[in-house]
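See structure below.
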Amino acid sequence: MITYSNKQAKINRAIRFSTWYRSHLSIPIYNFTVYGYAVLYMYTASSKLWDMENFIKGIADVPYIGNYAQPIGWDVVQLEILLAIGLIIPRFQRRALLGSTMLIGIFTLYLALMMYFVPNHLCSCGGVIESMGWNTHLAFNILWLILGLWSIRQKNNIIIYH
C-alpha cells in the first residue's frame, strides 16, 4: 500500500480535478461558446438584413461614424455571417473564434462608450437583443466576451474531436 504525505495527496487531488475538469467541463463550455457565437451572429445578421434600412439609419445617427453608415452596416452583416460560417467549419474555427471574440469586444466597447458619452443611446442591434435594456445588453456582451476569451485560452489545452 502506498501512503502519501498530506502535500502529495493535495497535489494528486488537484491533478485528478484538473483532468476531470478538462474532460467533463472544458469541452462542453468550449462547444457552447463556439456554436453559441455562430447562432448569435446568424440571428443578428439575419435580423439586420430583414430590416437593413432601419439598421443603416440607426448607424447614421451615431456620432463620428454616421457618414459611413452604409458601408459599416453591410460590412458588419457580412462579417457576422462569415464568422458564423467559420465557427461551424473545424478548419476555420480557431480564427473565427478569435474574430468573434474581437467583434463582441468591439460591440461591448461601443455600448460602454455610448452609455457613458451619448445622452440619447442609439442601438441598432438586431432582433431581441435590440429590445434589451442598455445595462442588460452590456452584461450580455461582457458574458460572451468572457466566454470567448476563456475558449481561446482553453483551445490550446483541450483536444476537440470532430
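Note that Cβ sites are derived from N, Cα and C of the backbone, with glycine treated the same way.
Listed in TrEMBL for this protein:
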TRANSMEM  21-43  transmembrane segment
DOMAIN    30-152  domain 'Methylamine utilisation protein MauE'
TRANSMEM  72-89  transmembrane segment
TRANSMEM  96-118  transmembrane segment
TRANSMEM  134-152  transmembrane segment
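Outside the transmembrane segment (96-118), and at least 6 residues removed from its termini, the chain residues within Cβ reach (under 8 Å) are 33-34, 37, 41, 62-63, 79-80, 82-83, 85-87, 89, 125, 134, 137-138, 141-142, 144-145, 148-149, 151-152, 155. Across the domain 'Methylamine utilisation protein MauE' (30-152), DSSP assigns 104 helix, 0 strand, 19 coil.
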